[in-house]
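Chemist: Dumping the structure here so I can ask a few things about it.
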Amino acid sequence: MDRWKKLKDLAIVATAGVAAVSFSQQKPEKVQAATTTKAKKPASQLTTAQNKQKAAQKQVAKADKANKAANKAVKTAQNAVNTAGQKVADAQTAADANPVDAAQNKVNTANSQVTAAQDAENSAQTTADQAAKAASDQQGQVTTAQTKQKSAQAEVDKTGLTAAESKAKAASDKASQAAKTASDAKAKQEASQKAANSASQQVSDTNDQLTAKNKEKDSAQSAVNSAQAASNNANSKKSDQEKTVADAKNAQSAAQKALNDVNLSGAQNDKNNAEKAANNANNAEKDAENALNRATAKASQTAAALTSAQNAKNAADSEVNSDQQKANSAQTAYNSAKSAYDQAQSKLNNSQAAQKAAQQAYDTYPTINANAEIKAATQKYAEAERAYYKSSTSANLEAMNQAKTAWAKAIANGANLSQYLGKDGDQQVKVDLNNLTAEQQTELSQYAAALINSARESFGMVQYAGKASVSKGAMAAAGEIAKKYANDKWNSFENGHDNDAVNSVAKDYGLIVPDSGQGIENLFTSAPAKNVSSLYAVKADIFKAVNSMLYQDADSDYGHAVSLLGLDAQRYSNAGSNMTTYFGLGTNTAELDGYFGNTEQFHLIVVPNGQETEVGPDADGYYTIYPSPVTNASTWQSKQGTQSLASTYNLTTLKANLDNANTALASAQADYNTKVNAYSSAKSVLDAANTALANAKNNQSAKATALTKAQSAASAAATAKTNAATALTAAKNKQASAASALKSAEAKLAAATAQYAEKSKALNSANANLSAQEKTLEALTKDASNSQAALKSAQDHLSKVTSEANALSAKLTELKNRAASAQAELSKANSALSSAEQAQKTADSEKASADSALAAVEKTAAPKKAALAAVNKELSAAQAKLAELQKTADSAKADLASKQETLANAQADQKTANANLTAAQAAQAALTSAQTALAKAEATLKSAKSKAAKTAKALKTAKAAKAKADKAVATAKKRAKVAGIVNKTAKQIKTKSAKSKKTAKAKSKKKTAKKKSTKKTSQKKVTKKPVKKVAKKSTKKTSKKKVTKKPVKKVAKKSTKKTSKKRVTKKPVKKVAKKSTKKTKKAVKKSTKKQLKSLKVKRNSL
């Protein structure tokens, strides 16, 4: 909106205000009321609008917070849906990858294949067995043929044919070998000759290379010598010049020193200082005279103060001596009371510690609780067992089984009846489960036995099985079993008891070794665990072990509970309260794959001293013998199995100890109370005496300090007086000396100035000479460096040539050695060739003789050889048939192996198929679970989205309300601003109206009645809304009669009624009203224009 539009709006508002004034010119006080009300109403509207704006802002903030929370919930729910969706997808993928139906079909197929493979394997086994038998039978025929062949061969051997053939063959082999040897010797001789010739040629060539290289070496040595001479010459010149430069530097330094020694500035400073000292000496002499006067007056004053301080100090000393004697007496009494108090305190502390230990020992007594139901069920089960073991009838067996079932039901929820209570001191005791000390094993065994005995008492089993007693032998057996578990790295989680380890130890100790399993160990395993723990924690684990074995042993058919309670001992004839159960405990840890690092294992060895008992007959007429757990009593006794240890857990003793401790504590407390009262009284007396003494000493100290200060002041004043006199004499002497020194310093300054000029000239000359010598040295240094580089290059070349010559010389030596070796090898080869050729001739002769002898023997052995050939043919035929049969047997065996492999593969496939089926079923279950979780997450998301939509809508509504409130505030502010301008205009109009009042009255005296009637009619017939506004505004604050809104409205209505009574018709009235209104509007418009013009409204103000 531009400036002119704003001005137009302002004019309209002002016009309305003036119109109201025009209708009431006869009562100007109402004009004020109307305009004031118009000004104040926009202000009230602005306040209301701003309040609504603030309220709307709060609603927006509240809605925004709720919306953000809802959106966050949507995001969380969406994430949950996404996660659940992914899990469904993964589960679906897993299920799709291995459908249950397909897996079941594979299992069915695998089962069929296993059946078929088993049948094939059985058939192949039969075939293989038959083939093996046929091969075995044929082997007998081969053996017979071999016997015949040996006999025929013996007949042939008698003719000497074999020997002749052997001799002929040996001669032939020897001749062949001799020929080969001669051939090899010839080839070796030729190779040796060739190697010797080659080595000789290499020696000649290398010798020529060495000669040339030595000449090159001599030339390089000459170059090095020349370069060395040039380098030495350059270095010599450089060295000489360095000395010259050094001399020049020394000369320059001497000249500089000579200049520095002149010390012109020092002479000037000396002169200035001497002058200053003379002035200071004059001033010091005056100050010394004044100081002496002041010191004399001060000395007189301090002498009088010293006398007064000494008197005060003497009085304070007397008071301190008196109070010290009183304090000493009080201290003696206090010391005596304090000693008695300390002894009583110590006794009380010891009594409290003893009582606390006794109380904790009593409170933490190992306890396993059972309620009446459990006790009754246990005893009923024990009675049923006794009845059965006395008479093993079917009825008793059924009764025993029913009693066990009832007992199992009764103890099912008993685990929470007991809780572990440990001693604080046990937390500080470290325990290595793999290395228990003897004391620790005994303590832990006693603790576990106490728990077992507590359980037997709570379950009502003491009268049936007696109590457990820790024995040395049982503890030793438990320790050995624990070590074997550790050595075997036994995974008791998966494998249960290490029966071999337990039975091995049981056998060594003369205890029962059953045909299967073991008969003495109750094992508890838990994870994770640390090798080193505290005694407190280990006892807690033992409590957990015993408690869980008693109450949570359903998965072991309550075997552990039966053992610990002694229910299994009811089979023995000596079962009862006098029966003893030998007990021991061992521990170890083991690091097992698949678990949380280390596991802890507790081995509870339970050995009841039951006697071997025969029970029966049962329903079938059989008797059962239950052997004693101790199968070799002498061995068990030698292992100290029956050597029981006294129990350290006795509740009666602990209660007596607690009672004694409480009595001692009460006595110590009473004694302490008496002593503490005496101590407090003595301390109060001592504190009062010490306070008095301290106050006296403080006073004494203060007086002593005052005396010391007075003494110091008097001494200082006397010394100051003496020093002031001395200082005055010294100041006078110093003034005379300073004047003389000033004259001497002025003379020295003049001499130093002249000497400085002379030395400066000499320094300049020395600097010039040094610069010239340094340039010469720089050139010579460069020449020396170049000469050194040339020498280095020559030396490097000489070194290279020398190295190469040495290498050639070494090579020549090596080649000569090789040539000599080659020549020696040639000589050996020639000699070997000669020998081989001679040996060949000899062998050829021997071969000819042997061949001749063989021909003669073969003629004699021909018939027997023919017989041997026939037997050999028969043997070959038998062996061929055996080979064929063996081949058949091997084939059958291979086929059997193949069938067995096929069966094994089929069984493996069957196992895999079953595993896949299990996995598929698990995947399907996981998919169902994931789908359920997804549905739940989607429902949560839907709810969250619904809530978010509601909060978003509420936020939108709140923002809309806020925008509306903002707009209302802006509008109210604009109206308030305009109303302010209107107020100014109305006031100006009021002022003008008042001035023209008399004139208006004079002109309208004759027409007053008519005008009044016209105005009233106009007011009554002007549209209802404007009349109400004028009435409201004119009645709020103006009239002194304080007429409220409602009466004004009523008056207006009454006026209207009166008009109707006069039967004034509407149409004429309206016409009159319109005419009057037109005239009034023109007057108002004209007046308003003038007022607005006079206001001189500017753009910026609008």
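Each residue, glycine too, has its Cβ placed from N, Cα and C.
Note: TrEMBL annotation is automatic and uncurated.
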Chemist: Of the ranges 284-334, 590-640, which one does TrEMBL list as region 'Disordered'?
Modeler: 284-334
Chemist: Among 406-454, 651-699, find the range that TrEMBL records as coiled coil.
Modeler: 651-699
Chemist: If we skip the immediate neighbours and take only residues 6+ beyond the ends of the compositional bias 'Polar residues' (319-334), which ones have a Cβ under 8 Å from one of its Cβ atoms?
Modeler: 682-683, 685-686, 688-690, 692-693, 695-697, 699-700
Chemist: List, by number or range, the same-chain residues at least 6 past the compositional bias 'Polar residues' (203-212) whose CB is under 8 A from its CB atoms?
Modeler: 805, 808-809, 811-812, 815-816, 819
Chemist: With DSSP as the yardstick, break the compositional bias 'Low complexity' (192-202) down into helix, strand and coil residue counts.
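Modeler: Residue counts in helix, strand and coil order: 11 helix, 0 strand, 0 coil.
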Chemist: The coiled coil (651-699): mean pLDDT?
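Modeler: Looking only at the coiled coil (651-699), pLDDT averages out to 92.
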Chemist: Where else in the chain does the compositional bias 'Polar residues' (105-122) make close Cβ contacts, counting only residues six or more beyond its ends and a cut-off under 8 Å?
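Modeler: Hits for the compositional bias 'Polar residues' (105-122): 896, 899-900, 902-903, 905-907, 909-910, 912-914, 916-917.
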Chemist: Based on DSSP, tally up the residues of the region 'Disordered' (284-334) by helix, strand and coil.
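Modeler: For that range the per-state counts are 51 helix, 0 strand, 0 coil.
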Chemist: Would you kindly list the residues that approach the compositional bias 'Low complexity' (47-60) from elsewhere in its chain, counting only those six or more residues past its ends and only Cβ-Cβ distances under 8 Å?
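Modeler: For the compositional bias 'Low complexity' (47-60), the sequence-distant neighbours (Cβ-Cβ under 8 Å, at least 6 residues beyond its ends) are 955, 958-959, 961-962, 964-966, 968-969, 971-972.
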